[in-house]
Amino acid sequence: MAVVGPVIVKLLLPLILLWLNFNSSLSLTQARKWESWKDRYPFIKAASSFSSSSSSSSNVGSQKANYYDYIIVGGGTAGCPLAATLSQKFSVLLLERGGVPFANVNVSFMQNFHISLADTSPSSASQIFVSTDGVFNSRAKILGGGSCINAGFYSRASSSYIKKAGWDSKLVNESYPWIEKQIVHKPNLAPWQRAVRDGLLEVGISPFNGFTYDHVYGTKFGGTIFDRIGRRKSAAELLASANPEKLHVLVHATVQKIEFDTSGKKPRAVGVIFKDENGNKHKAFLSKRRGSEIIVSSGAIGSPQILMLSGIGPKKELEKLNIPVVLDNKFVGKGMSDNPLNTIFVPTNRPVEQSLIQTVGITKMGVYIEASSGYGQTEDSIHCNHGVVSAEIGQLSTVPPKQRAQEAIEVYKRNKKNVPQEAFRGGFILAKIATPLSTGKISLKSTNIDDIPSVTFNYFSHPRDLKRCVNGIRIMEKLVKSKHFTNYTQCDKETLDKLLNISVQANINLIPKHTNDTESLEQFCKDTVITIWHYHGGCHVGKVVTSDYKVINVHRLRVIDGSTFTESPGTNPQATLMMMGRYMGVQILRERLGRAAGL
């Protein structure tokens, strides 16, 4: 998952300025592909069609309006299955700020995984931000959310996580398969992944659990949302299960705020204001029927941001930006966590087949060991200078730091355009902290929804997280020296110091490096921390929402996504987020219709 580039810190800012804006226009072939997808998803429209698509829809200033039983803000990993489920019985409006994934080759194919993350154009599926910690990160901006830009790994939450969340295990065990039957596959295990599997078992990460979706201690390989030819099946494709007569999906629809009726004892959500791709504003309203709700599903950054922009959050912070306070709740935006990731790059003496996350070692130390390898890019993907988000780490990391003058960097960038994909030799071993105790916060920088808020994770501020990171590095050391792994790489046994040096040079963030990075594993952890994009929190259960995800002291408003999590579920959260969307959709229907409906 490590995609940040191999450039020394003092060169980062100049390189940021060199990031390219990419041509976002669709080719004729891509346009035809989209036309075929439009046949399957006739309910997906551009946001600008809202006023003209129905005689009852209108602009903000008009008296006419569209009324829906459910308005879902955010068509991401949880929002899509939630919308598909609720539409079985009620009218649903799903508002997504990004575009569609179906005609985007950078999203659709595993080979282009890193290209999608490197795209910094306005139409990109991913949106780069840098936390105040100095770590590069990305948030999704596309229908299907994070399932469109991730490494595809699918693994369920543990039974203890399900119990702690207070979920009905029977319904959970019905909701996961609903996802899996539609978009999940058994992967073809790549050679790098097999070598990591054998190495993990050799160093004692056992037993071997084979292929399983379950979260169990030991070594396993999990599911993937990439099919046998490497084509991504995102959460957006779960919309095929929707009732097309009752679901309306608007893309490029950026919700600016939720509107409330504050005349009663508690504020009551009544509608949303959103802007379309042309910047024009629209308003959509909730039906007055009992049980109708607005459901925020905009992710760990977007959901607390929307709540605060709508007047729900810490009073002092809202007043600083002149946001009218609807409800003072000091916990909105607090308790943000990200799972720290540290990696070791392992070179080989021959080309390595591309692989993303397939094998995982689940330890009882609270550390997960995963792996990725190689490099890929399809001919019709965006070709670009990836700058500081380059995935071609193996090449420049071999150049001694003292020789990395600006001129040398420019020569490298020019030359690498003609380097064949096979030139990338090697891969990564990844160590992720499972349940970090270090927490941070999110705060607004402005009242503009397009401005990414200030995000702080406070990596390794809790000593237990740092201890677990050191344990993870030591496991990786044993792994890369294991007989099975060295037999595969066919390289001389590297000393840990040499591998750490390569990794320090490759995994660049904005955190200053120290001379003792390879002498102190604690310092190595702090200085080379990156993200695996599993950030969560900001709308915790019991503080911002109830156990059924209703916003506390507010009528007709819920939050259903990873912002409600205090821990990231399983080794990777996407399976549980999609399950959560389905699960809560069924729960809400049962609550509203009664169990006689047989759902």
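Cβ coordinates come from backbone N, Cα and C, glycine included.
Because TrEMBL annotations are produced automatically, they should be read as predictions rather than curated entries.
What TrEMBL records for this protein:
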- 1-31: signal peptide (SIGNAL)
- Glu96, Arg97, Val255, Trp533, His534, Gly562, Pro573, Gln574: FAD binding site (BINDING)
- 299-313: domain 'Glucose-methanol-choline oxidoreductase N-terminal' (DOMAIN)
- Cys469-Cys525: disulfide bond (DISULFID)
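Known features from TrEMBL, placed on the structure.
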| residue | record | Cβ contacts under 8 Å, 6 or more apart |
| --- | --- | --- |
| Glu96 | FAD binding site | Gly74, Gly75, Gly76, Gly79, Ile142, Leu143, Val249, Leu250, Val251, His252, Ala253 |
| Arg97 | FAD binding site | Gly74, Lys141, His252, Ala253, Thr254, Val255 |
| Cys469 | disulfide bond | Pro340, Asn342, Val367, Ala431, Ile433, Phe460, Leu521, Glu522, Cys525, Val529 |
| His534 | FAD binding site | Asp338, Asn339, Lys432, Ser568, Asn572, Pro573 |
| Gly562 | FAD binding site | Thr77, Ala78, Gly299, Ala300, Tyr535, His536, Gly537, Ser568, Pro573, Leu577 |
| Gln574 | FAD binding site | Thr77, Gly146, Ser147, Asn150, Phe153, Tyr154, Ile225, Ala235 |
* For the domain 'Glucose-methanol-choline oxidoreductase N-terminal' (299-313), what is the mean per-residue pLDDT, to the nearest integer? -> 98
* Structure fact -> Counting every protein chain shown, other Cβ atoms within 10 Å of the Cβ of Cys525 (disulfide bond) number 24
* Largest inter-residue Cα distance among Glu96, Arg97, Val255, Trp533, His534, Gly562, Pro573, Gln574 [record-listed FAD binders, Å] -> 25
* Asked: Looking at the binding-site residues Val255, Trp533, Pro573, which one has the fewest other Cβ atoms within 10 Å of its own Cβ?
  -> Trp533
* Tally of residues which DSSP labels helix, strand or coil - the domain 'Glucose-methanol-choline oxidoreductase N-terminal' (299-313) -> 11 helix, 2 strand, 2 coil
